[in-house]
Structure formats: C-alpha cells, structure tokens
Amino acid sequence: MASRILVNIKEEVTCPICLELLTEPLSLDCGHSFCQACITANHKESTLHQGERSCPLCRISYPSENLRPNRHLANIVERLREVVLSPEEGQKVDLCARHGEKLLLFCQQDGNVICWLCERSQEHRGHHTFLVEEVAQTYRENLQVVLEMMRQKHQDAEKLEADVREEQASWKIQIQNDKTNIMAEFKQLRDILDCEESNELQNLEKEEKNILKRLVQSENDMVLQTQSISVLISDLEHRLQGSVMELLQGVDGVIKRVKNVTLQKPKTFLNEKRRVFRVPDLKGMLQVSKELTEVQRYWAHVTLVASHPSRAVISEDERQVRYQEWIHQSSGRVKYFYGVLGSPSITSGKHYWEVDVSNKSAWILGVCVSLKCAANRNGPGVENYQPKNGYWVIGLRNADNYSAFQDSVKYNDFQDGSRSTTYAPLIVPLFMTICPNRVGVFLDYEACTVSFFNVTSNGFLIYKFSNCHFSYPVFPYFSPMTCELPMTLCSPRS
C-alpha cells in the first residue's frame with residue numbers, strides 16, 4: 001500500500017515532457033507543472049499568437065509572465081530523491097508499510113525495523129528503540145556467527161548425507177557378497193553331491209561288473225556240470241537199451257562214477273554282505289571343503305630342482321618330474337633317481353601346493369628337511385622315509401597300498417635264549433574311499449605340522465604330521481618312484 005502511494009506521488013511530480021522528476025518546477029495557471037528547461041524549450045511550438053503560450057497537456061493558453069516557481073513540488077522532489085524511489089524493493093525495505101515513513105529505528109522487543117510514527121504508537125510504547133546504524137553492526141556480527149554456524153551445519157549435513165550414501169553402497173556390496181557366498185556355498189554343496197553321486201554310481205557299476213562276472217563264471221560251471229551229468233545219463237540209457245554184453249561191460253565203474261557225482265552249488269552273493277549306501281554327511285563334507293578352501297589361501301608357487309641334471313626328467317617349466325633309469329658308468333649297475341626337491345626353501349609361514357598323481361601306481365611326496373636327505377644316490381628305501389631322517393611324507397606303492405611313513409619302532413626278539421633289538425619303520429596304512437588323483441600338501445612352519453588332503457575327494461584330510469621338528473629350512477619333496485607316469489605341480493586355477 002505504501003509503495004503504491006509513493007508511486008502515485010512520483011507520478012504527480014514527474015515532468016510530462018521529459019518524464020523525469022521535476023527540475024526547478026514551474027506551474028501554469030491550468031495547474032500543470034513542468035521543468036523550467038522543458039517548458040522554455042516548448043515555447044516556440046506552443047505559441048498561438050504573439051505574447052501567449054499554451055499548456056502542452058491541456059492546450060489552455062497562458063501568458064508567459066504567469067509562469068511561477070513551485071517550491072512545494074521542489075521540496076517533494078527533493079525528499080523523493082533522498083528516499084531513492086527507483087528500485088521498488090528498496091522502497092519496501094526503507095519505508096514503513098503502514099505510515100510510508102523511512103525505517104530508521106529498531107525495536108529491541110519486537111526485533112523489527114520501525115519508523116518514528118510506529119515508535120509513538122500504542123503498539124511500541126515503552127519499548128527500547130535504537131537507531132538502525134547503532135545496532136546494525138552488532139546484529140551483523142551476530143548474523144555472521146549464525147551464518148558460520150549454519151555453514152558448519154550444512155557441512156555436517158552433507159557429511160551425514162555422504163555417510164548415508166556410503167553406508168548404502170557398503171550394504172549393497174555386503175548383500176552382493178552374501179549373495180555370492182550363498183551361491184558359492186550351494187554350488188559347493190551341489191558339486192559335492194554330484195561328486196558323491198558319481199562316486200556311488202561308479203562303485204555300484206564296479207560292484208555290478210564284479211558280481212555279474214562271478215555269476216557268469218558260476219553259470220558256466222553249472223552248464224559244464226549239467227553237460228557232464230547229461231553224458232552220464234546218456235551212457236546209462238544206452239546200456240539199458242542195449243544188449244546184455246553192453247549192459248554188463250564195465251558196469252561197476254559206471255555205477256561207481258555215478259555214485260561219486262556231487263552237485264556243485266552255484267556261488268551266491270548275500271545282500272547283507274553288500275556295501276550299504278548311506279546318505280553322506282553334508283555338514284561334515286562341507287566343513288572339510290571349507291578347511292581345504294582355507295589352506296588354499298596359502299598357495300605357494302613351487303618349482304622343481306633336480307640334484308643332478310642327468311638323474312631326473314624335469315619339464316622345461318620345472319613343474320613336472322618323471323622316473324628315469326640310469327646306469328652307473330663305473331659299476332655298470334642300474335641306479336634309480338627317486339626324489340627331487342621343490343623351490344624355494346621354507347623357513348617360516350604357511351604354504352600350500354597340490355600335486356597331480358593321476359594314474360600313477362607309485363609315488364611319494366611331502367616335505368624334506370634338506371638336500372642331503374633327498375639326494376640319496378643309492379635311492380632312499382622305505383626305511384629312510386622317517387621324520388627323524390628329515391622326511392614327512394606319504395605315498396602309494398603297488399598301485400593300491402597308501403601309507404604314511406613314521407619313525408621306526410623298536411622290537412625285542414628272543415632267539416635261542418638270547419635277546420636282540422631291531423628297529424623297523426612304522427608304516428601307517430591309509431584307507432581311501434576315493435583314490436586321490438590330486439594331493440594337497442599344507443605346511444604350517446610355526447605350528448610344526450604337515451597335512452595332506454585328498455583334493456579329488458572334496459578335500460578330505462588324508463594324514464597329518466604333528467609336532468614336527470624343523471631345525472633347518474625345509475623343501476617340498478617329490479618322488480615318482482619307479483612309475484614312468486609323471487608327477488605334476490598344479491596351478492591354483494587348474
């Protein structure tokens with residue numbers, strides 16, 4: 001409302017010719033006012049007859065001597081210029097909306113800027129008021145403090161927002177990892193079940209072939225027995241149907257032969273002696289698989305090192321070794337090179353590697369304490385594979401004899417009244433439900449343990465050496481024995 005009044009006042013004190021605030025205003029008899037310069041310049045165009053002029057707005061004539069200065073309008077214009085009428089927003093700020101006066105005072109109680117008329121009104125009577133200039137700096141400082149506070153809060157809000165986004169991303173990753181783990185766990189279960197199913201079916205097929213083979217043999221025996229009896233029957237019938245001479249000729253031998261005939265019953269296979277299928281312990285199998293997965297985290301890159309170039313056949317990539325026979329030049333005797341070491345040597349930490357022994361009928365592998373132990377030129381016999389000699393190994397002999405080699409055991413023999421003491425290596429039989437095509441070896445140097453896993457059978461523990469005495473660096477050990485098929489170091493993703 002106040003700004004509209006100011007606009008109206010401005011229109012009243014605006015020159016109709018130049019459309020600016022009146023400068024040195026002159027008023028005519030008709031009541032219209034113009035800038036002195038504007039109305040003087042308009043004299044020539046508005047002359048109607050000599051000595052008279054006309055108003056540019058209403059065209060009423062006026063004598064030139066009747067132009068008079070309007071001091072009242074000049075004062076109004078001066079006041080308007082002080083108020084700075086041009087920006088309307090400025091008018092709203094600087095002028096009181098109720099009274100149209102300049103806002104020069106600040107009411108402390110209401111916290112508002114007021115004019116001098118507001119100060120005298122009933123609404124603000126008794127309030128503490130100050131000039132705007134007096135309190136502006138104080139409140140500017142207060143607002144600056146509040147501004148800094150809000151900027152800090154804005155930073156905190158942005159950080160909270162970022163934290164939420166980060167937490168959201170973290171949860172997404174965590175959930176995705178959980179999904180991946182769940183899928184991996186169930187895939188592992190399915191793989192285990194598939195493997196167990198395949199093994200059970202293979203065992204059944206082997207059992208079927210074995211039983212049917214023996215039954216076929218039994219059937220053949222029964223056929224031969226039946227044929228033999230048929231021959232005797234035919235002989236008896238011929239004698240009975242023939243002459244007396246044919247009847248009596250060798251009759252005692254025939255009767256004796258018939259009486260000695262004993263029916264051989266076929267071999268039977270009792271169901272109760274069959275291997276009974278039992279549902280596998282999935283929980284236990286999964287735990288075993290997890291243990292294998294855990295030790296596989298310590299997979300080490302192992303290469304093979306021969307003790308002498310001519311005594312072992314090692315592949316170019318130093319990942320495969322096979323048996324080689326060689327003849328000693330001086331003695332002409334056949335020598336065998338059984339073992340090679342792996343590199344690097346191990347003096348601390350946890351290490352894991354896997355060896356492919358598929359289709360081999362003999363092998364020995366594990367850990368050896370030194371080159372001197374491994375490179376036995378005469379070929380290490382079974383009696384040498386003992387922890388006290390620096391070997392922690394397991395092996396296969398004669399295609400189906402799996403064993404772990406422990407320290408020798410003392411025996412006391414009494415012969416002819418005398419006592420003798422002998423030492424024999426302790427060979428621990430290892431029973432495999434599934435023959436390992438791939439064997440994992442895990443060495444924990446600080447825990448002094450060497451463990452062997454049947455990777456082919458979902459990672460079941462084959463054997464574990466505990467309380468091992470590692471006083472020197474140890475090496476992976478590989479012996480292809482006398483089987484010509486190779487032993488191959490596996491890569492992690494093979």
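Numbering starts at 1 and runs along the chain as displayed.
Glycine is treated like the rest: Cβ placed from N, Cα and C.
According to Swiss-Prot, the feature N-acetylalanine maps to Ala2, an assignment based on similarity to another entry.
Here Swiss-Prot flags 15-59 (among others) as zinc finger, drawing on sequence analysis. Sequence-distant contacts of the zinc finger (15-59) (same chain, at least 6 residues past either end, Cβ-Cβ under 8 Å): 66-70, 73-74, 77, 80-81.
Annotated phosphoserine per Swiss-Prot: Ser86, in sequence order.
Sequence annotations record features per position, and here Swiss-Prot assigns zinc finger to 91-132 (among others) based on sequence analysis. Across the zinc finger (91-132), the DSSP tally of helix, strand and coil residues reads 13 helix, 11 strand, 18 coil.
According to Swiss-Prot, the Zn(2+) binding site annotation covers Cys96, His99, Cys118, His124.
Annotation source Swiss-Prot lists coiled coil at 140-223, citing sequence analysis.
The region 'Required for interaction with GABARAP and for autophagy' feature in Swiss-Prot is assigned to 186-199; the stated evidence is similarity to another entry. Summarising model confidence by region, the region 'Required for interaction with GABARAP and for autophagy' (186-199) averages a pLDDT of 80.
Residues annotated as domain 'B30.2/SPRY' in Swiss-Prot, with sequence analysis given as evidence: 280-494.
The binding-site residues listed here are Cys96, Cys118; among them, Cys118 has the most other Cβ atoms within 10 Å of its own Cβ. Long-range Cβ neighbours of His124 (Zn(2+) binding site) (same chain, at least 6 residues apart, Cβ-Cβ under 8 Å): Cys107, Gln109, Asp110, Ile114, Cys118. Across the region 'Required for interaction with GABARAP and for autophagy' (186-199), the DSSP tally of helix, strand and coil residues reads 14 helix, 0 strand, 0 coil. Around the Cβ of His99 (Zn(2+) binding site), the number of neighbouring Cβ atoms within 10 Å comes to 15. Secondary structure of the zinc finger (15-59), assigned with DSSP and counted as helix (H, G, I), strand (E, B) and coil, comes to 6 helix, 11 strand, 28 coil. Those same-chain residues not listed among Cys96, His99, Cys118, His124 yet with C-beta within 8 angstroms of the centroid of the Zn(2+) site C-beta atoms are Arg98, Glu101, Ile114, Cys115, Trp116, Leu117, Glu119, Ser121.
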